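First comes the structure, then the notes that go with it.
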Amino acid sequence: MAIHYLASFHEICVVTALLPLVTLFTCFVTAYVFQYDDVHETHCRVYNIVPSISAITGVSPQRYFWRFSIALHIGPRIPIAFVYKNYYRAQLARLAPSLVPKTSWLITLILVLNCIEIAALGGVTYISNRENYPVHERIFITFMICSLCYMLATIKLNGILNARQTLTEQQRLSIKWKKILFVVSILSTIGLLVFFAKHRFYCHDLAFSWFAFFEYLIAIANMLFHFTIIWDFPSQFMVIVQGPRENLLQYLGAKPKLN
């Protein structure tokens, strides 16, 4: 057998999680400073001070920077979703037999929600509100629903898997911040819907700014929720190995599995 690639999974996850956050901040600052009028344009034409994410990532050249960043971000997100699935399934053995079918179904649901969220993120990125607003809006709603359901299902799953278990400090931090960020996302979603209605139907001053503010909170909470992976996988490595399949399965099967 030959190892062609060995990388810290922890570092890959950190870069993947931070990439959209840093890019979003860069797009906001540059668009706000250099393209103020363009990013504040709305159908109501009322006073606003905070542009939406769609606005700052829909102007040029920020559009291309954001799309390139999301392309780099989505690539590792897909294998990470399957790593999480296998990570959770490895813990089913310590559950009571009666809980295994329900928990296994929940793990599959989390994988599906995660994949749909990733696909929806790509959709809202590459189909901007200026190019096709109805499609952009529907994909954004899909992203929101799947994101919140994914968070809730993940918290529920961790509660089942870790019941009566002695948790490490990193595991406690991970669960604690997942719950906090889920609550932030729920409250921000309520605020976003309220001010979206005020902007869309009543054209109140600053309504769109408040809508955008809650949109940023939702996006940041979502990014940080996925960033908790640094506590879930603190010391794992990603390896690309060449060798006969039988030898690899025999070698991996002989190694003790560490949680």
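Positions of Cβ are set from backbone N, Cα and C atoms, glycine also.
TrEMBL annotations: computationally assigned, not manually curated.
Quick look at what TrEMBL lists:
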type	residues	note
DOMAIN	9-234	domain 'CWH43-like N-terminal'
TRANSMEM	12-34	transmembrane segment
TRANSMEM	64-84	transmembrane segment
TRANSMEM	105-127	transmembrane segment
TRANSMEM	139-159	transmembrane segment
TRANSMEM	180-197	transmembrane segment
TRANSMEM	209-231	transmembrane segment
Outside the transmembrane segment (64-84), six or more residues from its ends: residues with CB under 8 Å to it: 9, 12-13, 15-16, 19-20, 23-24, 26-27, 57, 110-111, 114-115, 118, 121-122, 125-126, 226, 229, 232-233
Is the transmembrane segment (209-231) packed against any residues at least 6 beyond its ends, judged by a Cβ distance under 8 Å, and which are they? 10, 13-14, 17-18, 20-21, 24, 48-53, 55, 77, 80, 144, 147, 151, 170-171, 173-174, 177-178, 181-182, 184-185, 188-189, 191-192, 195-196, 198-199
Segment confidence, the domain 'CWH43-like N-terminal' (9-234), expressed as mean pLDDT: 90
